[in-house]
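Visitor: Pulled these from TrEMBL:
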- 12-215: domain 'Neurotransmitter-gated ion-channel ligand-binding' (DOMAIN)
- 218-242: transmembrane segment (TRANSMEM)
- 223-459: domain 'Neurotransmitter-gated ion-channel transmembrane' (DOMAIN)
- 248-269: transmembrane segment (TRANSMEM)
- 281-303: transmembrane segment (TRANSMEM)
- 340-363: compositional bias 'Basic and acidic residues' (COMPBIAS)
- 340-373: region 'Disordered' (REGION)
- 443-461: transmembrane segment (TRANSMEM)
Amino acid sequence: AVESAKGKYAHMLFNELFEDYSNALRPVEDTDKVLNVTLQITLSQIKDMDERNQILSAYLWIRQSWYDAYLKWDKDKYDGLDSIRIPSNLVWRPDIVLYNKADDDFSEPVNTNVVLRYDGKITWDAPAITKSSCVVDVSYFPFDSQQCNLTFGSWTYNGNQVDIINSLDSGDLSDFVEDVEWEIHGMPAVKNVITYGCCSEPYPDVTFTLILKRKSSFYIFNLLLPCILISFLAPLGFYLPADSGEKVSLGVTVLLALTVFQLMVAEIMPPSENVPLIGKYYIATMTMITASTALTIIIMNLHHCGSEAKPVPQWARVVILDYMSKIFFVYDVGENCTSPRREKEEEQKLEGDEGYQSRHTEVRSQLSSRNDDCDLKEKPNGNFNKSYGAHGDINVGETVNCCSCYKMLIKNIEYIANCIRDHKANRAKGIEWKKVAKVMDRFFMWIFFIMVFFMSVLIIGKAA
């Protein structure tokens, strides 16, 4: 019975209030009086942040409250009825819109009910999915912070007719649903009064600044960490043996892999002059890998210098072969730091060379002595016939033939010895160039390792 009585009074109140009411005019008794509209924004959810198009999509609850001078009643006359809910299109509503709207849908606001109190206060809560333009600065992507403004103001009423008042100093974040990509660090509200060039009257607005901090874990594990791991593969190309044939292939493969990641970043970033931090890292790494591949080609040319090449310059022999090889623990070609018999092998090699030289000297001395004997026997001397008896003529002929054989044998041995000596000299020249290439490989490997390490530390330091 009580509910039916209140329903009866509600119908009676509604008919009396809206009998001569018009929602087309500003509800003030004095037209020179300013109508105050209190605005409050509640952020419920961030639906999307489109960095490439610079659009922020958010789900908001917009609360507006004002006093209507023509919608008042005495609640005692209506059985203590102090408020009613009626459709919002029946009452006058302020035309407060989002100034920086970036949506092509200009439909009317959601016609939710308004709460009308006996003293004329109207409260209108309307949900809205807004798309606003936001200036995105991706200089420190993926460790960036963004500030997006939501500016609300009346579209036709100036500040002398409708004034906007902040309900709170900031937007309400109590019902915010946590976003997987962004952290909310605040939503301060500031009232501005602007005089535009078209009009002399001031136009007030309220600007809510949404402070966002990107959660970078996703991008670290999917874009940054693979790039760092791939970058550390590039200096290892200098450690590969030159005869493997894979030194240049490794550099080109790493360069192509980084190019794929660079294209992935370019697809989600706006085409602006501000290159993101991770893009700078990719470009620096790709430049480094390009330089390493070029150096690898130059070093491979040094490695394959043959007998036709010039000898290693004296300064390179001193600086590279004597000092740098010891600093970077580079041994002769075919040796490594794990060879336990290196010194013994060198001693055996020296002993073998000395034995070869001694045997060669002995053979040559014997042949020379026999050659001298032949020279003596060929001289016309009377003692020669006496010493060799009656068969001296036969012995002299045989001796002359034998001496000519010895001379030819000496020439052949000297020719063979000279060929071996030239072959060893050319081989030693090639070994020296190979060692120079190996030392340079090791030197550039550590240089590029240090560069990759410092670039990785620099970009990780930006995250902190």
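Easy rule for this one: first residue shown is 1, then count along the chain.
Keep in mind that glycine also has a Cβ here, set from the backbone N, Cα and C atoms.
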Visitor: Could you pull out which residues elsewhere in the chain have a CB under 8 Å from any CB of the transmembrane segment (443-461), counting only those six or more residues past its ends?
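Guide: For the transmembrane segment (443-461), the list is 224, 228, 231-232, 234-236, 238-239, 277-278, 281, 284-285, 288, 292, 295, 299, 324, 328.
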Visitor: Against which stretches of its own chain does the transmembrane segment (218-242) lie, if we need a Cβ under 8 Å and a gap of at least six residues from its ends?
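Guide: Tertiary neighbours of the transmembrane segment (218-242) are 141-142, 181, 248, 250-251, 254, 257-258, 261, 264-265, 278, 281-282, 285, 288-289, 292-293, 295-296, 299-300, 303-304, 434, 437-438, 441-442, 444-446, 448-449, 452, 455-456, 459, 463.
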Visitor: On the 0 to 100 scale, where does the mean pLDDT of the domain 'Neurotransmitter-gated ion-channel ligand-binding' (12-215) fall?
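Guide: The average pLDDT of the model in the domain 'Neurotransmitter-gated ion-channel ligand-binding' (12-215) works out to 90.
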